[in-house]
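Chemist: Feature table excerpt (Swiss-Prot):
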type	residues	note
ACT_SITE	Glu493	active site, proton acceptor
BINDING	Gly43, Gln128, Gln255, Arg273, Ser274, Arg362, Arg417, Asp561, Ser562, Gly563, Lys564	2-hydroxyisobutanoyl-CoA binding site
BINDING	Gly410, Asp411, Leu412, Gly433, Gly461, Ala462, Asn487, Arg488, Ala489, Trp490, Asn491, Ile492	thiamine diphosphate binding site
BINDING	Asp460, Asn487, Ala489	Mg(2+) binding site
REGION	566-590	region 'C-terminal lid'
Amino acid sequence: MADRQDAERSGAGPARQSVPVASLVAEFLQEHGVDRVFGLQGGHIQPIWDQLARRGVRIVDVRDEGSAVHMAHAHTELTGQTAVAMVTAGPGVTNTVTAVANASVSRIPLLVIGGCPPIPQSNMGPLQDIPHTAILEPITRLARTLRSADQVLREFDEAWARASGDRGEPGPVYLEIPTDVLRRDVPPALQMREHLRAKPKRRPQPHPDDVAAVADLIRAAEKPAIISGRGARTTDGTDLVRLLDASGAAYLDTQESRGLVPDSHPAAVGSARSAVMRDTDLLITVGRQLDYQLGMGSPAVFPHAKVVRIADTASELIDNRRGEVEILAEPGAALAAIADALKDHTPDTSWRDELKAKHRKRAEDYRQALHSTENGADGHIHPNRIFGALDALDGDVLDLGETIMIADGGDLLSFGRLGITKARRYLDAGAFGCLGVATPFAIGAALAYPDRPVVAVTGDGAFGITATEIDTAVRHDAKIVVIVSNNRAWNIERYDQAENYGLVVGTDLADSDYAGVARAFGAHGERVTDPAELEGAIRRALANAPALVDVVTTQDAASPDSGKGLGFVPDYQALTPWNDAEVARRQEGI
């Protein structure tokens with residue numbers, strides 16, 4: 001009898017006549033390839049939680065709901081498969097807001113399932129009742145309460161399509177189902193099971209006239225450049241490399257597209273970024289917004305450039321700087337078509353070759369600095385030495401090319417973007433600048449790819465935001481290594497206060513023992529105060545993951561972004577040199 005009740009509860013077995021909504025939701029997720037869900041349990045979502053567990057879906061239970069969304073974010077970004085976070089009503093939902101906003105700005109497809117009080121209790125002051133959808137609607141592609149049991153599969157099908165960008169910009173979606181609806185049975189005739197089937201994403205093709213126009217612009221350009229973003233990840237990089245070869249363009253990636261083009265390629269000139277942006281006469285963006293990280297595409301930052309935009313969503317096509325040609329199509333298809341149109345073109349690569357020489361020299365100079373930067377005046381380790389130690393271990397206990405690297409923090413993120421050069425898969429918070437992603441991103445990465453090393457380097461301030469997720473890593477055996485640059489400060493802001501205001505206030509942190517925190521949660525933890533100890537500590541951490549290395553670093557180290565005024569927040573641009581150029585452009589226009 002008990003076995004039969006279990007079968008009916010799960011919606012499985014030949015005895016089934018009707019299926020509870022929670023079972024339909026679980027079946028939908030499985031049909032769409034979901035084999036794990038990140039979440040924090042609560043009574044409002046227990047019916048789905050139970051169904052997923054009974055079906056063998058792995059539940060990754062976390063310590064904070066925002067971390068569940070961060071883990072889902074990392075899973076989606078690394079695997080390309082839409083991931084799921086599940087949280088209970090009220091504070092469970094509100095705790096996700098920052099992480100959902102981060103995924104929204106990063107255009108990451110994911111599904112957040114929230115709890116919702118039962119319909120009979122509506123407007124009566126029920127437990128954890130708050131207008132979830134009104135809160136989340138501005139930062140999601142869809143936020144909806146599902147009240148009709150027989151429409152749930154249709155609603156999930158639509159939400160999944162919206163998350164993937166099938167009807168616009170990709171990003172997070174939010175669905176909630178009142179608990180009483182989750183328990184309702186739906187008869188077979190009303191289940192709408194045709195919505196269970198996962199559907200392939202559409203691949204819009206470029207118009208031949210647009211392809212020809214871009215090819216003509218490339219032929220006429222002397223200094224073409226291509227900048228890629230997250231939208232370029234619809235391809236494996238093959239078509240992008242083909243176009244770089246056919247066009248002779250210089251290439252800049254962003255944190256969104258790291259690894260699509262190997263650093264060894266003649267076009268890869270990331271260390272000469274400023275020169276590319278200043279001198280290019282044809283800028284081609286591929287799946288990349290022209291946001292603050294690219295000077296908003298301003299003529300002050302790209303003074304000589306005609307612009308071509310290629311993307312499969314309008315948000316990466318028409319923001320800030322319109323293109324001479326704008327191609328709304330699947331980026332891989334557009335790149336391949338343009339490369340084909342240039343098959344008889346012999347590009348002049350002299351400008352690119354000069355940039356490559358500069359790139360190699362600067363990259364090597366910086367690599368040497370990673371190994372030799374002196375301690376600060378306070379006697380503590382320079383953050384560069386963390387990345388130098390990782391570089392020294394490359395080819396020994398690490399293959400940095402196969403290592404999933406994560407950077408988090410203010411100053412530390414700036415150091416990390418320069419110090420992490422070999423990893424083909426790299427994550428950071430992206431354009432939203434959300435701190436606290438390192439540990440949850442690392443857990444999501446390690447569970448998705450348990451056979452690959454996962455190393456997260458984070459500032460101490462950023463680490464503290466989600467430090468309790470070390471417990472999650474231990475419980476779920478996520479083999480992560482977290483390296484904390486412990487300079488006892490919110491240092492990018494501290495630098496701004498000292499330089500621009502002359503008063504340091506509210507930016508100093510305690511000299512906390514983060515290795516001790518890790519050990520308290522059951523992870524391996526070591527503290528390092530001498531740069532000579534770094535390699536050994538990281539080696540032991542890799543062998544005993546999950547692990548944390550607490551590196552006592554200097555406050556004297558100002559990151560490149562600090563030096564360029566990122567913490568100051570200039571009036572017109574994110575960085576002072578760009579802001580100065582913008583001011584000059586506006587004065588010339590007066």
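Note that the numbers count up from 1, one per residue, in the order the chain is shown.
Yeah, the Cβs are placed from backbone N, Cα and C, and that goes for glycine too.
Help me picture where these features are in the structure shown.
Modeler: Mapped onto three states, the DSSP output places Glu493 (active site, proton acceptor) in helix. Of all Cβ atoms in the shown protein chains, 18 besides its own fall within 10 Å of the Cβ of Glu493 (active site, proton acceptor).
Counted within 10 Å of its Cβ, the other Cβ atoms near Lys564 (2-hydroxyisobutanoyl-CoA binding site) come to 19, all protein chains included.
Close to Asn487 (thiamine diphosphate binding site) in the fold, though at least 6 residues off in sequence, lie His380, Pro383, Asp411, Gly459, Asp460, Val552, Thr553, Thr554, Gln555, Ala557, each with a CB less than 8 Å from its CB. In three-state terms derived from DSSP, Asn487 (thiamine diphosphate binding site) belongs to neither a helical nor a strand segment and is classed as coil.
The Cβ neighbour count for Ala489 (thiamine diphosphate binding site), using a 10 Å radius over every protein chain in view, is 20.
If you look at the region 'C-terminal lid' (566-590), the same-chain residues 6 or more away from its ends with a CB under 8 A from one of its CBs are 274, 292-293, 295-296, 298-301, 303, 410, 414, 492-493, 495-496, 499-500.
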Chemist: Within 10 Å of the Cβ of Arg417 (2-hydroxyisobutanoyl-CoA binding site), how many other Cβ atoms can you find? Include all protein chains, please.
Modeler: 19
Chemist: Over the residue list Gly43, Gln128, Gln255, Arg273, Ser274, Arg362, Arg417, Asp561, Ser562, Gly563, Lys564, recorded for 2-hydroxyisobutanoyl-CoA, what is the maximum interresidue Cα distance in Å?
Modeler: 56
Chemist: Mind checking which of Ser274, Asn491, Ser562 has the fewest other CB atoms within 10 A of its CB? They're the binding-site residues.
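Modeler: Counting other Cβ atoms within 10 Å of each of the binding-site residues Ser274, Asn491, Ser562 gives the minimum at Ser274.
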Chemist: Run through the Cβ atoms and count how many others sit within 10 Å of the one on Gly461 (thiamine diphosphate binding site).
Modeler: 26
Chemist: Just to be sure I understand, if DSSP states are collapsed into helix, strand and coil, how many residues of the region 'C-terminal lid' (566-590) fall in each?
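Modeler: Result for the region 'C-terminal lid' (566-590), in helix, strand, coil order: 17 helix, 0 strand, 8 coil.
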